[in-house]
Amino acid sequence: MGSGSAANGGGGGAGAARVPMPAAKPFLETLGGNMKETFLPDDPFRVVRRERGCGRRAAAALRYVFPFMEWAPSYTLGTLKSDLIAGITIASLAIPQGISYAKLANLPPVLGLYSSFVPPLVYAMMGSSRDLAVGTVAVASLLIGSMLSEEVSAAEDPALYLHVALTATFFAGVFQALLGVLRLGFIVDFLSHATIVGFMGGAATVVCLQQLKGMFGLDHFTTATDLVSVMRSVFSQTHLWRWESVVMGCGFLFFLLITRFFSKRRTRFFWVSAAAPLASVIIGSLLVYVTHAENHGIQVIGYLKKGLNPPSATSLNFSSPYMMLALKTGIITGVIALAEGIAVGRSFAMFKNYHIDGNKEMIAFGTMNIVGSLTSCYLTTGPFSRSAVNYNAGCKTAMSNVIMSVAVMITLLFLTPLFHYTPLVVLSAIIMSAMLGLIDYPAAVHLWQVDKVDFCVCLGAYLGVVFGSVEIGLVVAVGISILRVLLFVARPRTTVLGNIPNTMIYRRMDQYTAAQRVPGVLVLRVDSPIYFTNASYLRERIARWIDDEEDQCKEKGEMQIQYVVLDMGAVGSIDTSGTSMLDELRKTLDRRGLQIVLANPGSEIMKKLDSSKVLEAIGHEWIFPTVGEAVAECDFVMHSQKPGMVMGSGASHENLV
């Protein structure tokens, strides 16, 4: 231990403020700063403010809203070549997947093609990701199908079901756009990585189970999505299984998995896996046409309407009771679509070392779903499989989405009759092969190795989806995540610090074995803000630390503690309950003959302690910028103390030397 005089210039004097009080700021200025950090942490208007002149600022604002204006002026023929290859490649994947996922949502298959035509055009103008390939996704399709089927039957009233699905898409788009405009993107962050891994894995499992209907050629199947109901439905109809469907389905599933395995082992042949779904559709359709397999139990898509997206603004249903169903479905599916799209976009942006704005992405997703709901499209986002193909194909800009959209447009105008003989079992195989890639076993193992609580969140989400429903799994996962956050806030960690010999450094004694206790001084660190949720706990926990320390001192015959030093470096903020707690703690320690000492309090802490008179009660002389200086002063006073004198909060240095 160094002497107190060396640490603080001879011990200082009573009333000398070792930690300066920050200058007072007007309330509105403080509130404005806090609001800016909450809702505008990325300062989106900075690029506009930097420009000089109204015209240049207007151009900067347009570039911010429409990111394509940044890369379009410098677009080159070489870039177009790369985007052309990527766009055609993802179109070969988007067409069969779009048809498959529309069937998964209990919607007409042509809506999957519609949803791969208009939304990508909107995203190409407003999206900030260069690699995201927009389209329908299996999880959102399953959610729409399962949630809407609870109140509306797609088989009995397909027109009403379609109208409610379009309305849910509209509400999803409005909700997504509002989150972006109001800068509330942090709400999506409550879906942690562990939650998404478990939820996506469970949803992929459920989607695969749903495809058993097509794989076995069953006409009637349960509308429930849980494992028990699906297995009961499958094995109660063993007499209706069609061996033709089983053979064809397993054959194409094996083909799709083999091509994926080959593409992963030989990355330059990525196009093999990307083209495999379309090849499966073509081969399957030819087999059915040549063998007339539709007369032998193989179900086919049938007629697909030719032409571009018809307007659907008049189809939106805002009447009771279906509006609330559409609103609930839209919000839930909108959040899931946002989480997946933003996570995928950020992943590929990290690979290419550029940044995407989460709030701008929300506005882009919201706008394309609003426009999509008015043009006969259902919910779209940025699926991982399609974006991975786009990335591997060498896309340079969002123009690849435009090229994909043009390819889908050509399909809608001229090629839809060719899908008449496409077997449904091939679509089931395409969905299953895509979903198996979403079950991320290595990520779950990694969670178990790193953080058992995160693994429990992941497992809870997975089991909730598989044995309950998609909504139950989502609620379970988010509930566990929020509970964990609340526990961190309500039960913050407090640790005892010890001195590293021959230094003024203090570290956790449970981590640094060389750290030593300071006789007569207990140093505690609080590792969180002090709020009403944890104030009572901290008071009781600090009291227990003191009791435990005194018991150890008695057992070892060492000097009893006289000072309790609180390291406030990690206490970012404090509310009135926290200031009251510190005042009560001061009074309790005063009655026990102990002095409370604060080290390294932040500016907000200082201002609130000063306003509540707690700082005055503790004494400015007992506030220090570092733990080392605080302990050095306590050591100096103890060695200067007259025999028999007891320290209390009312004592001053001048009375003790």
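Quick reminder: no glycine exception, Cβ is built from N, Cα and C everywhere.
In TrEMBL, annotation is done automatically, which means it is predicted and not curated.
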Annotated transmembrane segment segment (source TrEMBL; candidates 18-40, 363-385, 501-523, 593-615): 363-385
Feature contact check the transmembrane segment (132-148) with the transmembrane segment (422-439), CB under 8 Å, 3 or more pairs: yes
Tally of DSSP helical, extended and coil residues in the domain 'STAS' (511-634): 63 helix, 22 strand, 39 coil
Best-contacting stretch, by C-beta pairs under 8 Å, relative to the transmembrane segment (322-343) and drawn from 132-148, 160-182, 240-262, 397-415: 160-182
Interface-richest range of 160-182, 194-212, 363-385, 397-415, 459-483 toward the transmembrane segment (132-148), CB pairs under 8 Å: 363-385
Leading stretch by Cβ pairs under 8 Å, where the reference is the transmembrane segment (459-483) and the options are 194-212, 240-262, 363-385, 397-415: 194-212
Within the predicted model, mean pLDDT of the domain 'STAS' (511-634): 90
Distant-in-sequence neighbours of the transmembrane segment (397-415), which means Cβ under 8 A and at least six residues beyond its ends: 67-68, 71, 75, 79-80, 83-84, 86-88, 90-91, 94-95, 98, 110, 113-114, 116-118, 120-121, 123-124, 127, 129-130, 132-134, 306-309, 390
Interface present between the transmembrane segment (160-182) and the transmembrane segment (363-385) (three or more C-beta pairs under 8 A): yes
